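S.K.: Please read through the structure below; I'll follow up with questions.
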Amino acid sequence: MTHVPARPGGRPTTRARLRATLVAAAAGVAALGTTLALAPGASAATTLGASAAQTGRYFGTAVAANKLSDATYVGILNREFTMVTPENEMKWDATEPTQGQFTYANADRIVNHARANGMRVRGHALAWHSQQPGWAQNLSGPALRSAMVNHVTQVATYYRGKIHSWDVVNEAFADGGTGARRDSNLQRTGNDWIEVAFRAARAADPTAKLCYNDYNTDGQNAKSNAVYAMVQDFKARGVPIDCVGFQSHFNSASPVPADYQANLQRFANLGVDVQITELDIEGSGSAQADNYGRVVRACLAVSRCTGITVWGIRDTDSWRASGTPLLFDGSGNKKPAYTATLDALNAGGPTTPPTTTPPPTTPPPSTPPPGGASCTASVSLDSWTGGFVATVRVTAGASAVSGWTVGLTLPAGAAVTNSWNAQPSGTSGSLTFRNLSYNGQLGAGASTTFGFQGTGVGPSATPTCSAS
Ligand code: G3I
């Protein structure tokens, strides 16, 4: 795949826009096909975060601290998203404006908001040639190297335990066909600066996933090949790297590559998770919507593609607002791109009728069957500091059931923030989750799943299950 390697923000030409529209229209036919696969009568998840969670993924957004006082912005953020990336507040110029003096107030506002609302945080970015404070721009050689290591160490230590993933190094490769490293003051400290940053980050926060993040690496090209070779080399030599972020800033000059999914997959095959980290797609209407659907389907098709983050909430929040590249318009209304994204996420989730495949293992029934309908439930948790996603599997006993209720208790301080495929009785303490209209009936031995997301610590005991 060859495409014009555009620096994020490059303006599209009219012809390129037309070409992208045609490509997108073709993709839209595929999108329709996927949507039609939804089970008849199924009530799909109604928010991006809940729909992504159905397949164990997150759906995130970049957040700017100065917008946390905007009620419309915060309303959408809290309703829709399960991961947050500070857009600028964790960068070197923001966190260490004077050498050795660290300021975290704005980044903390975002981290605290996320944690209070059950969202995870992607740290962005520890080492980058851009947005360096003036004092670092004026350093070179060993002085810059040691300042960089100190910066990585201090920031990752400060946020230790609060970060799901760190963009440890951002945009270290050059555009164009050379596959070379980008020239920068950091690069001139020696070719090993990237692995040194990763080792420092691991030492400072052993619990965070450590990612390399870049743009124009979304399809197979000289730049992504060079990143691929670096990741392969890091894995071979034991340099700590867990994930690769694909920024995915698209427009007509830099469209969604035809081999997007294949490229994500080849990185995943190296033994790293992959994530879409800064998604925005310039355009409008059905063409834009179709492209968003394509991106989501590519991620869902790669099991190690663990989440998608859009680079802002409303078009007016975008770093390239004139391209209207996001999922909500300036007033906070959902755009066709939103609907396409949600539909594509739901098409990958448990939207089909209950299967008749018995689960591999089920705990003994916690509510003995009174000679008739019975069920069991088991819960699997994806937890992080401050939050969790619980996936609950409900399995019918020896007889078919026409309805089920699962009971479980959340530890003190924990609360449900959203749920899917079941009706909860409340948000904290002892809770029941009842089947919805489309998933109450289960054949003998058949199972279905529902889930919920929450703040605090998830449930630990085996849930009860009663059937009718
Ligand atoms: O906060 C100041 C404000 O006080 C001042 O009046 C104004 C005047 O220009 O500037 C404001 O700072 C701007 C900042 O965004 C906050 O809005 C900076 O000038 C501007 O350069 C900065 O742009 C950010 C850009 O990174 C810088 O490289 C964008 O918001 C941010 O979305 C963008 O994000 C990057 C990712 O980190 C890496 N990948 C590409 C992506 C898009 O460029």
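Even glycines carry a Cβ here, placed using N, Cα and C.
Dumping what TrEMBL says about this protein:
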- 1-44: signal peptide (SIGNAL)
- 42-344: domain 'GH10' (DOMAIN)
- E278: active site, nucleophile (ACT_SITE)
- 344-375: region 'Disordered' (REGION)
- 351-371: compositional bias 'Pro residues' (COMPBIAS)
- 368-468: domain 'CBM2' (DOMAIN)
S.K.: Using DSSP reduced to three states, classify E278 (active site, nucleophile) as helix, strand or coil.
M.R.: strand
S.K.: Can you work out the mean pLDDT of the predicted model over the domain 'CBM2' (368-468)?
M.R.: 88
S.K.: I'd like the number of other C-beta atoms within 10 A of the C-beta of E278 (active site, nucleophile), please.
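M.R.: The Cβ of E278 (active site, nucleophile) has 23 Cβ neighbours within 10 Å.
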